[in-house]
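Since the structure comes first, as structure tokens, the remarks are kept for the end.
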Amino acid sequence: MANSECTFITIKPDGVPRGLIGDVIKSFEHRGFHLVALKFMQASENLPKEHYLKDCPFYADLVTYMHSGPVVAMIWEGLNVVKAGRVMLRETNPVDSKPGTIRGDFCIQVGRNIIHSSDSVESVENEIGLWSLPEELVNYKSSAQDWILE
Ligand code: UDP
Ligand code: MG
């Protein structure tokens with residue numbers, strides 16, 4: 001069932017002190033996606049080390065950034081949510097992201113781009129396992145879904 005697709009979203013350590021938790025959650029809620037797991041946590045150094053590919057030039061800075069403060073790790077469910085999530089975030093570098101997108105509205109520099117979203121259905125399972133989200137999963141029915149999907 002396409003509706004059972006999930007994606008992994010993280011509000012990064014810059015998004016938390018900047019007061020953007022509510023705005024990010026609101027974007028996904030208002031779009032019609034269904035929150036199934038949420039964890040406010042401090043990532044270990046090891047977590048971003050395993051999450052990101054080691055061969056990028058900014059790897060060390062990225063790992064430091066990603067465990068420099070608490071993050072909000074979430075799983076959102078819904079029709080085509082992986083692709084839709086990426087479109088809502090828009091480009092990795094916020095300068096290329098239009099206003100109205102999350103990165104286009106809330107950040108200006110690539111190294112402080114406030115939010116992560118899985119880039120493919122295949123990567124979701126790995127990422128939620130790495131961040132120990134499956135144990136936070138809550139299975140419930142939202143009556144709103146009857147008005148969001150035909
Ligand atoms: N990043 C960076 N400098 C760059 C490109 C990426 O600091 O030139 C960081 C940024 O935080 C980005 C993350 O590395 O979100 C992962 O990069 P990726 O290409 O996977 O971008 P994303 O999937 O987050 O859009
Ligand atoms: Mg990526």
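Any Cβ shown, glycine's included, is placed from N, Cα and C.
Some features that TrEMBL has for this protein:
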ACT_SITE  His116  active site, pros-phosphohistidine intermediate
BINDING   Lys12, Phe58, Arg86, Thr92, Arg103, Asn113  ATP binding site
DOMAIN    4-139  domain 'Nucleoside diphosphate kinase-like'
Residues among the binding-site residues Lys12, Arg86, Arg103 that border ligand 1 - Cβ under 6 angstroms, in sequence order: none
Model confidence over the domain 'Nucleoside diphosphate kinase-like' (4-139) (mean pLDDT, whole number): 98
Arg86 (ATP binding site) to the residue listed as 'active site, pros-phosphohistidine intermediate' - Cα separation in whole Å: 9
Recorded ATP binding residues, Lys12, Phe58, Arg86, Thr92, Arg103, Asn113 - maximal Cα separation rounded to whole Å: 21
Under 8 Å by Cβ from Phe58 (ATP binding site), counting only residues of that chain that are 6 or more apart: Gly111
Sparsest-packed among the binding-site residues, when each Cβ's other Cβ atoms within 10 Å are tallied, from Thr92, Asn113: Thr92
Whole-number Å value for how far Lys12 (ATP binding site) lies from His116 (active site, pros-phosphohistidine intermediate) (Cα to Cα): 7
Least Cβ-crowded entry, counting other Cβ within 10 Å, from the recorded positions listed as Lys12, Arg86, Arg103, His116: Arg86
Per DSSP, three-state class assigned to Arg103 (ATP binding site): helix
Helix, strand and coil residues within the domain 'Nucleoside diphosphate kinase-like' (4-139) as assigned by DSSP: 59 helix, 28 strand, 49 coil
